[in-house]
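Down below is the structure, laid out as structure tokens.
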């Protein structure tokens with residue numbers, strides 16, 4: 001027993017070599033999944049094959065692909081193609097590009113993603129937020145209608161730099177940077193962007209010709225209500241009818257999930273019905289604007305349109321960086337969400353490389369920024385896709401459209417495209433998530449609303465800056481000012497919980513047990529010293545006022561949750 005009470009020292013661990021420590025730190029930071037594990041103890045020929053399969057996942061799963069899988073992917077591909085065609089035209093219109101560019105963007109990028117992507121469910125296409133950012137940032141220096149050629153060149157250049165950034169982040173395994181965009185940030189930013197997109201569609205819904213280039217609510221509403229005398233009731237009635245139809249099909253599909261295809265086909269049905277209606281009634285002569293002529297043929301090369309020597313190159317690079325990060329955040333989040341439903345893993349860094357390569361290739365083939373949009377991916381998932389072949393099927397359907405069917409879209413009314421965009425954007429305003437944030441974490445709710453208000457009342461870029469700044473501030477505060485709380489014993493158990501959250505938890509007589517909700521290091525050591533001292537003073541005051549046993553021990557719980 002005497003030996004038991006004898007203090008014993010613990011030997012200082014031997015120092016580790018400097019380069020070993022650096023190598024270990026780098027491996028833990030950039031290679032937590034150890035991607036080179038599969039290459040160990042393999043002959044050179046096998047390493048070469050494994051390397052190709054790692055870079056191009058299609059080489060890994062293609063040999064196991066079956067005809068049963070193809071039948072499922074064929075149905076899914078045709079289904080998402082019916083959504084891709086009207087959405088592509090609509091989002092290109094939102095990006096102030098020619099409608100045909102939206103179709104080009106649903107042809108080449110999906111083929112590239114099918115070879116390099118690791119998700120079985122992601123369906124590639126253009127997205128509204130990136131389209132809005134192009135209009136806001138590039139349109140702020142070059143008017144898209146007064147100088148359409150230069151605007152197109154800058155859009156292609158921005159897409160090229162988006163691809164370069166995305167590929168570099170993937171190759172350098174810096175995907176964790178995207179994780180700094182918290183869920184609260186994304187909810188607020190996407191909701192704000194969706195609100196602005198919906199308001200901007202009032203131009204098409206009301207048949208207005210002139211409209212503001214601003215992306216804040218005040219500018220948009222001012223532009224709408226100062227042109228009351230130019231509102232076209234024909235466009236407004238047609239737009240409301242199609243918007244009601246689109247929302248009705250979405251509601252029905254949510255109530256009856258087996259009929260998801262009705263919601264997926266609704267945009268194309270709207271385009272067809274709207275075109276027939278305009279053609280039969282000659283509504284284009286009565287204030288209803290139509291798309292007009294669309295050039296037949298596949299994507300023309302646009303490598304020569306990359307404006308590396310333009311005086312607006314800095315704007316293109318900035319636009320590419322912002323849209324690239326937003327596209328990555330959305331695409332990877334969507335891929336991870338649907339992979340969990342099927343219980344498989346996607347490699348975030350591979351996804352970045354795939355998105356980057358498809359945008360680099362797209363910028364050279366007249367495509368603007370693409371990613372994995374939620375709406376199209378959800379349709380692909382519900383349609384029963386089995387692999388990325390559904391993207392190939394979609395691209396083939398779009399190719400047929402480009403070669404033979406583009407003249408059929410001549411009479412498609414702009415108001416139908418506005419209705420399609422509004423219906424899609426209403427689904428991005430996730431007010432339920434904002435309410436949940438209010439209940440769970442008030443600071444996260446503030447971050448969410450700051451992003452939303454910044455986008456809606458200032459600009460998309462300022463809203464994004466506010467969102468990222470608030471996220472970083474939240475992260476720094478959680479590190480520099482970690483939560484500390486008193487633990488009490490749950491009666492008749494060996495369990496200790498916060499006495500604030502568990503009213504039945506009891507203080508241990510003579511002891512103060514504190515839980516520290518973060519690692520202790522230089523950024524918070526001084527704060528923790530002061531906070532722990534304050535806890536001790538408060539506990540001593542409480543003990544005296546209650547006449548309990550005096551405080552003898554302070555126990556710090558620094559274990560993880």
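Quick reminder: no glycine exception, Cβ is built from N, Cα and C everywhere.
Those TrEMBL annotations? Automatic predictions, nothing curated.
Feature annotations, reproduced from TrEMBL:
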DOMAIN    501-561  domain 'STAS'
TRANSMEM  74-94  transmembrane segment
TRANSMEM  100-116  transmembrane segment
TRANSMEM  123-145  transmembrane segment
TRANSMEM  151-172  transmembrane segment
TRANSMEM  184-211  transmembrane segment
TRANSMEM  231-248  transmembrane segment
TRANSMEM  260-280  transmembrane segment
TRANSMEM  312-333  transmembrane segment
TRANSMEM  353-371  transmembrane segment
TRANSMEM  391-409  transmembrane segment
TRANSMEM  416-438  transmembrane segment
TRANSMEM  450-473  transmembrane segment
Leading stretch by Cβ pairs under 8 Å, where the reference is the transmembrane segment (312-333) and the options are 151-172, 231-248, 391-409: 151-172
Stretch among 100-116, 231-248, 391-409, 416-438 sharing the most Cβ pairs under 8 Å with the transmembrane segment (353-371): 100-116
Recorded stretch that, among 100-116, 123-145, 151-172, 231-248, 416-438, has the most CB pairs under 8 Å to the transmembrane segment (391-409): 100-116
Segment proximity, the transmembrane segment (123-145) to the transmembrane segment (450-473), 3 or more C-beta pairs under 8 Å: yes
Whether the transmembrane segment (151-172) meets the transmembrane segment (123-145): three or more C-beta pairs under 8 angstroms: yes
Outside the transmembrane segment (184-211), six or more residues from its ends: residues with CB under 8 Å to it: 93-94, 128-129, 132, 217, 220-221, 223-224, 227, 230-232, 234-236, 239-240, 243, 287-289, 326, 329-330, 333, 414-415, 417-419, 421-422, 425-426, 428-431, 433-434, 437, 441, 444-445, 447-456, 460, 463-464, 467-468, 470-471
Criterion met for the transmembrane segment (74-94) and the transmembrane segment (231-248) (at least three Cβ pairs under 8 Å): no
Long-range Cβ neighbours of the transmembrane segment (260-280) (under 8 Å; 6 or more residues past either end): 79-80, 82-83, 85-87, 89-90, 238, 242, 245-246, 249-250, 252-253, 288, 290, 379, 382-383, 408-413, 415-416, 419-420, 423
Per-state residue totals over the domain 'STAS' (501-561) - DSSP helix, strand, coil: 25 helix, 12 strand, 24 coil
Top partner of the transmembrane segment (231-248) among 100-116, 123-145, 416-438 - counted as Cβ pairs under 8 Å: 416-438
Within the predicted model, mean pLDDT of the domain 'STAS' (501-561): 87
Within-chain partners of the transmembrane segment (100-116) [C-beta distance under 8 Å, separation at least 6 from its ends]: 55-58, 81, 84-85, 87-93, 122-126, 152, 294-295, 298-299, 350, 353-355, 357-359, 361-362, 365-368, 370, 388-389, 391-392, 394-395, 398-399, 401-402, 406
Cβ contacts under 8 Å made by the transmembrane segment (123-145) with residues that lie 6+ beyond its boundaries: 80, 84, 87-88, 91-92, 94-97, 102, 105-106, 109-110, 113, 117, 151, 154-155, 158, 189-190, 193-194, 196-197, 200, 213, 215, 312, 315-316, 318-319, 322-323, 326-327, 330, 358, 368-373, 376-377, 379-380, 385, 390-391, 394, 421, 424-425, 428, 459-461
